[in-house]
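**Student:** Could you have a look at this structure, given as structure tokens, before my questions?
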Amino acid sequence: VSIMNAKRSSAGEEEASGMSNETLGESGCLGEAKRQQVIRVTYVIAALDLTFLFMQMGVVPSLGLDSVGFGCLQTIFGVLQLVGGYIFGRFADQFGARAALILSCASGSIFFLLMSLSINIPLLFFSRLPGVFMHGVPGAQKVITDMTTPPQRAGTLGKLGFCFGVGIIAGSVVGGVLSTKFGVYVPIYVGLVGNLINILIAMVWIPSQTKPKSDHHVTEHSDLFSIREILHLMKFPGVMEVFIVKVFAGLPIGLFMIMFSIISMDFFGLEAVESGYLMSYFGVLQMVVQGLVTEKLASHCSEMTLLRLSVFVFASVGLGMALMRTVWHYCIIVVPMVFAFNMLATITDSMLTKAVPSSNTGAMLGICASVQPLTRTVGPTVGGVLYKQFGVSSFGYLQLIVNLGLFVYLLKSKIPLEEVKSQ
């Protein structure tokens, strides 16, 4: 009897160990020090990717594009990202996070190469085509998701927001300096070479396989784009509810940010340089919130509590936006805005990747990554109508109404989220 009990105990320990290793995939064999090293390298790749992306944004208007053309260019890029987000996620599930990162960086290199050859407006629009696979942040999220246990995930994913802040500040500053001193195409050349360097970093430092080996059969023969698979993921307990909150809670703020360049000039009376300083301030806040606040809160509070908190703060931000009159008011309001925006993005990504099998985390991250391109696609039209017809306060009232409704919904409903390790 004692021998049989010992065997059962040993089997139970092996099963628990298998579940843990399955959650981490091949990373379970790497050791904690190696996993942390891979995660840090992933942060570097993400920060560089975002820096190169923001560097070229200040260059585009210099190529002879007016405000209407620039809006069309952004819309086309948003549509491409919207279409490619889910396909990229499915690619990451089938071929691994490293292959996905390399695909994103290679697409970035082609993107900058085509930009360097854009001697006219049609070629500039054509250069946006590789954007369909330029998903550096979702690729980094996939690596981190595979490399962390569920309790670690929210805090580790949250630090990617720090990379976003670095990208905003470094990209805007470096891009402006390089284009002013050395020519408008120099930031584009830097982005081209930088993405090639990112490919080498990923090939050397990121393991070839990070997702659970036992899940390979789930997606091995699946199509990269499958509406049925999207519907299947949305049927997991709580996934649809959390995704709806993710989409609608930040939508009014997203519309406001798309129109910000116009609002900063018309409503606040700022010049281009002052708008740049304001964006740098936004980037610093992003770094502080994601680097110091998100991980600490995630370690002390449940994810549902943090989701409710972010939605409530968003509602308060909406009231402040409806009442703001000067740029100084906005500087105060943007502090809780950045907190809520980043907390919502991090917590929902963490909750959704835990709610689906580990073989589908890339697809789920791809769906999540499509939220911002969707906003960029509809934003110029919807935001333009709101601003022209009802003014800046309309964004605030919309934000307040939508998030109050979502907050009441989250208080009354019990979202049946459960962690799914494999299927």
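Every residue number used here counts from 1 along the chain in the order it is shown.
Cβ coordinates come from backbone N, Cα and C, glycine included.
Per TrEMBL, region 'Disordered' is recorded for 1-23. Among the features that TrEMBL reports, domain 'Major facilitator superfamily (MFS) profile' is placed at 1-417. Under the heading transmembrane segment, TrEMBL lists 41-62, 68-88, 100-125, 157-178, 185-206, 243-263, 275-293, 305-323, 330-348, 390-411.
Provide an account of the burial state, proximal residues and distances for the features listed.
**Tutor:** Proximity of distant same-chain residues to the transmembrane segment (100-125), defined by a Cβ-Cβ separation under 8 Å and at least 6 residues beyond the stretch ends, is recorded for 42, 45, 49, 52-53, 56, 59-60, 63-65, 69, 72-73, 76, 88, 91-92, 131-136, 138-140, 142-143, 185, 188-189, 191-192, 195-196, 198-199, 202-203, 206, 362.
Sequence-distant contacts of the transmembrane segment (157-178) (same chain, six or more residues past either end, CB-CB distance under 8 Å): 43, 46-47, 49-59, 137, 140-141, 144-145, 186-187, 190, 276, 279-280, 282-291, 294-295, 298, 342, 345-346, 349-350.
Tertiary proximity for the transmembrane segment (185-206) is limited to same-chain residues at least six positions away from its ends with a CB under 8 Å from its CB atoms, namely 37-38, 41-42, 44-45, 48-49, 51-53, 55-56, 58-59, 97-98, 101-102, 105-106, 108-109, 111-113, 115-116, 136, 143, 174-175, 178-179.
Only residues 6 or more beyond the boundaries of the transmembrane segment (243-263), in the same chain, are considered here, and those with a CB under 8 A from a CB of the stretch are 234, 275, 307, 310-311, 314, 317-318, 321, 337, 341, 344-345, 348, 352, 367-368, 371-372, 374-376, 379-380, 382-384, 386-387, 392, 395-396, 398-399, 402-403, 406, 409-410.
Sequence-remote contacts of a segment are chain residues at least 6 beyond its ends whose Cβ falls under 8 Å from one of its Cβ atoms, and for the transmembrane segment (305-323) they are 154, 242, 245, 249-250, 252-253, 256, 297-298, 329, 332-333, 336-337, 339-341, 343-344, 347-348, 351, 392-393, 395-404, 406-407, 410-411.
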**Student:** Just to confirm my parser: what is the rounded mean pLDDT across the domain 'Major facilitator superfamily (MFS) profile' (1-417)?
**Tutor:** 82
**Student:** For the transmembrane segment (68-88), what are the same-chain contacts with Cβ under 8 Å, counting residues 6+ beyond its ends?
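**Tutor:** Contacts with the transmembrane segment (68-88): 60-61, 100, 103-104, 121, 124-125, 128-129, 131-135, 138-139, 224-225, 230, 362-363, 366-367, 369-370, 372-377, 379-380.
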